[in-house]
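K.L.:
Dumping what Swiss-Prot says about this protein:
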BINDING   Thr26, Gly27, Ser28, Thr29, Asp81, Gly82, Ala83, Asp84, Lys94, Gly95, Gly96, Gly97, Lys121  substrate binding site
ACT_SITE  Glu103  active site, proton acceptor
Amino acid sequence: MINQKKIAGEKACEWIKDGMVVGLGTGSTVYYTIEKLGEMVNNGLHITGVATSEETSKQAQNLGIPLKSLNDVAEIDITIDGADEIDTDFQGIKGGGGALLREKMVASASLKNIWVVSEEKLVRNLGKFPLPIEVIPFGWKQIERTLEKEHVQTILRRQSSGEIYVTNNGNYILDIVNQTFRDAEMWQEKLAQIPGIVEHGLFLHYVDIIVCAKANGEIELIKK
């Protein structure tokens, strides 16, 4: 069986050159990117990684990829990350893995952003996948009520154990469900006005190249 995630994840490594500072995303597709980069580092490639989550940091360290924090780099040459959905206008939803805040900060500091996906992630309109919003624990219920008044349904993210999911930043995640985000700019503005929302998973002006693996194993490169 063809592993689309592995194909897309490894393909993106072709953009990585010696001496680069590389943003390392989080998720099941970019996992393969990081594995491949670890192999390349062990074969002599010199890069510095900036991890977007504790999970990614642990994986990179285990593979021998040198890391620095975002505070310690002036800019990032390329960030490779996954996405939950991408529409035809290069707008995306990210954060299914809970790392949306750090992912967006790293993406903002990057000269180029590459997203690695399998073809089912390409959609006409955003919204089939829930939109995560990271909120501070204090008063999170009030944020939920505020959105309910706007007829926006949210679900507090929990772990499989039933405990509340807590991000690497100590925050909670509310997932907006049953909603289509045709006017993503409007949604971005709406969410930015609600106190207590730290960040949302709409990534509207970030991606430069999409590496999409198809079911037959072929790669499609979609450039902005």
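Cβ coordinates come from backbone N, Cα and C, glycine included.
If you look at the structure here, what lies around each of the features I listed?
P.N.:
Remark: Asp81 (substrate binding site) has Gly23, Gly25, Thr26, Gly27, Val30, Thr52, Lys94, Glu103, Val106, Ala107, Asn113, Ile114, Trp115, Val116 as non-local neighbours, by Cβ distance under 8 Å and separation of at least 6 in sequence.
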K.L.:
Just going by other Cβ atoms within 10 Å, which of the binding-site residues Lys94, Lys121 has the emptiest spot?
P.N.:
Lys121
K.L.:
Using the centroid of the Cβ atoms of Thr26, Gly27, Ser28, Thr29, Asp81, Gly82, Ala83, Asp84, Lys94, Gly95, Gly96, Gly97, Lys121 as reference, list every other same-chain residue with Cβ within 8 Å of it (recorded substrate site), in sequence order.
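P.N.:
Apart from the listed residues, the neighbours are Gly25, Val30.
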K.L.:
Between all pairs in Thr26, Gly27, Ser28, Thr29, Asp81, Gly82, Ala83, Asp84, Lys94, Gly95, Gly96, Gly97, Lys121 (listed as substrate binders), what's the biggest Cα distance, rounded to the nearest Å?
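P.N.:
Those residues reach a largest Cα separation of 16 Å.
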K.L.:
Using all protein chains shown, find which of the binding-site residues Thr26, Ser28 scores highest when you count other CB atoms within 10 A of its CB.
P.N.:
Thr26
K.L.:
Counting every protein chain present, what is the number of Cβ atoms, excluding its own, within 10 Å of the Cβ of Ala83 (substrate binding site)?
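P.N.:
Summing over all protein chains shown, Ala83 (substrate binding site) has 27 other Cβ atoms within 10 Å.
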